[in-house]
């Protein structure tokens, strides 16, 4: 039988980093055990294992940890030559301990991780001991007594310490670190063909096949053995070529080498190979065109970087210098990633100030970089807790037990008939090869293979194939708002300035604004850059700036090293003048937008001015955040009402504030953000209109009708998000919305949206969050909406019951930071939801990776942001993925059941024939295994997904009562109809029992022919019955290949049963069949087979899926409560919650 093609292949994958939004899951000090080589143990081991045909060597290859324990003795890690390392998935790997001799004096200290130790403590005699595990280097530290992950400058270094490295490393320091860290290279080795061939041949699947072929040859099944051997060879070659191509693709994408300029010993060195970079080197970033070869912290200047390969975000990102501070530098943190240049991203443009160069400190190299992390995630994907893979192995174990019983039965039968010992043993082992098909676990991947191909045609790409089946069990989908549910671009609806502490009446156009702080802020508070003559930046920034009608001037490419900041000015003749000259706004410094802070700000010089030290700060962001940073007397008294009226209409509102800053520009370059963003004065509101995408509402309706819960997780304002949720149908118009809010005293209040606050009472238990409660009844159904602050308060301080009830009733989660989004996804999973997440991949990467099925809307084919990447620019990709997931799950189960029942059917046939001292013939095995079963197992997976989602989800376990009942009843049918055909034969007047010949295999007999004829119809019946379509797959008639196979093989079975022996005599001879004297007997066999098919089809298509059987099974299992926790939570919510008091 052919081995299925591996599905863990990534084509055209964009190799990018360990998630810059979330730390890579790396064990810095994994469990490890040291061993040292033992000569006498090795001699004894190899002397013993060679005896049983080298089987011991094969087991040693499959289980290297066991081999090491048998050939070496355990010892302290300090003297070990090999180490068993246990990874996060529980797998044990044997790693070789290597040594490196460091140059220079041994008394000088060197920083390793967050500790600074003397070199004499790190190695003995100038030798460092280390091992490489999954491409990461672990260094032995005697003080710890273990091998510890060797990190770069991302561990234990403060931001100020990084700024102190501007002078670069000395040559001696560089040579030491080069010896410790190795080359800065992400080099995935591409194994030669002969190595891959050996690895493929030694796979347990092919070893089992090879052993089976040997047994079949000994038993004189030459044709069958030859055919299986030939197919296995073809399968090996195909798998070898695909594996080689896969490794070559990863190597080509991952490997890159260039020359860079670095600062060493205080002077710039150009033409340095990027492979020689080490943590601590200072990189000189050129004006443009650098593909970053490492992770680096930006120390001076600014850089505009294209991170599309990293996050899927096509908009270039502005990176600003890392501010000096005593905080530890963590490139994966949200506060530091905007100062970090990640490996694999493209520098589009840099900006210099004065005579300074754009410098960046190298913090990570090789596989310890962002790009290296992504490559490792492809090479070593985390093991998913997919239940049915475990169930499949349990079922194989069950078949093995059955094979053991068949083995004993065969021995007893053959000893009874006094067969030779050799023939008895061969037949007994033959039963094992029949009862346990080696391809059974691999059958679970067939549905995934076909689903991946269909997804690719729909422009949905996957880097984690196992998650396809997880998508089939999704019960809840989380959506980002902007760019996902709504259009990427926003339209500037208008502005509402603040004049003399009050809002103007109504919105006005930004172009009608006089020279005022609001206009200046809109013209400067952005990260827009001119690239190739085109304005590029965040869509909101672009719309806001374009709404002013102003123009942006940047220094020409040749003058980026001068003090020429980005300048915004009104169009010629626009009337913008100060002191008789045209106004110019020079952006001197930018504090980039932070999802955690929910704001960005700039320091601007307004020209002309009589005071060169007179600067201005402009800040924009979430209205509630900006309001807290403003002077109270600058905020209008009706601010909440105005903001509420705008957000309730679904508009996106930004608040703008300003303040003067009396400071020289060189001091402004070093001032801390907290000093600048305070004591602001509110300038006004900017109102943006964000339209829904055309597919959003239909998709929401489709998911809701399928019983799939929809949740919005956004960074936008709460009321805006609720409005969008109502508009798209996520919250039906007839349903109520309860808003949970946090008061200044960290109490949580609940109110029905649209109602004013009524008198409340306070209550609370010790250890819980006091809730401000409102008396009154609430008519269900209702949805809850809350912001990130309330989410944190409820999660950290509230009672577990209240928080989990919010999880099952919450529909809108607004003002959520990236880490809160990921945490919400994990919490929803913890109460039993299968969670999918759909977002743009920028601020959602943590949630996308945490979800069972994360879908990033991006133009790249794959990214680190999520397991799935969709080129479809709207959420219509979500139902496509869910349908494919359900189809893949059902298809995998169907093919698994088909393969299992095929082996059982053949096992039953052979066991019955053994009792008559007969067996199936060589060509009969060939016809069953390689014509019928192989053909149907290939074409069964071509049935596509059903065009509509239904409420009922497919089964997710093979060990369930429903699956076991199906397999049990089908097996019973196989036994009943085979025995019935045999009994009917024995009642025929012309029947003559077989007189076995001890020197022959006794294949050509009536018993063999009848069982062969009835069984070949059973395989067809199983293939048709187990291909039941609705409600997860299209009708069977849409599978053209299946119909073609059925149209050829079913008539062929009819011919083999009804045709007279003088027709195609050679066929009867090849199949070693004995013709029946009576045509009516043959017709009766066909009728019996058709009756078998009818019952089998009714069983799978109508009886087992029926509600009566479901109720019966529920009663048998004594299931009175829902198994999923979220269902229990929904059913146990008190009538008046959350407006009920805590006693």
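Here the Cβ of each residue, glycine as well, is placed from N, Cα and C on the backbone.
Range 1079-1104 is the one annotated as transmembrane segment, of 1079-1104, 1105-1130 (source: TrEMBL).
With a cut-off of 8 Å between Cβ atoms, the residues of this chain six or more beyond the transmembrane segment (395-417) that come close are 423-425, 427-432, 434-436, 440-441, 896, 900, 903-904, 907, 911, 914-915, 917, 958-959, 996. Beyond its flanks by at least six residues, the transmembrane segment (925-943) meets 1-2, 221, 223-224, 227-228, 231, 443, 446-447, 449-450, 887, 891, 894-895, 898-899, 902, 906, 1015-1016, 1019-1020, 1023, 1026-1027, 1029, 1033-1034, 1036, 1038-1042, 1044-1045, 1049, 1071 of its own chain at Cβ-Cβ distances under 8 Å. For the transmembrane segment (1040-1059), the partner stretch with the highest count of Cβ pairs under 8 angstroms, out of 221-241, 955-985, 1079-1104, is 1079-1104. Residues 962, 965-966, 969-970, 973, 977, 980-981, 984-985, 988, 1010, 1013-1014, 1017-1018, 1020-1022, 1024-1026, 1028, 1053-1054, 1057-1058, 1060 of the same chain lie 6 or more positions beyond the ends of the transmembrane segment (1079-1104) yet place their CB under 8 Å from a CB of it.
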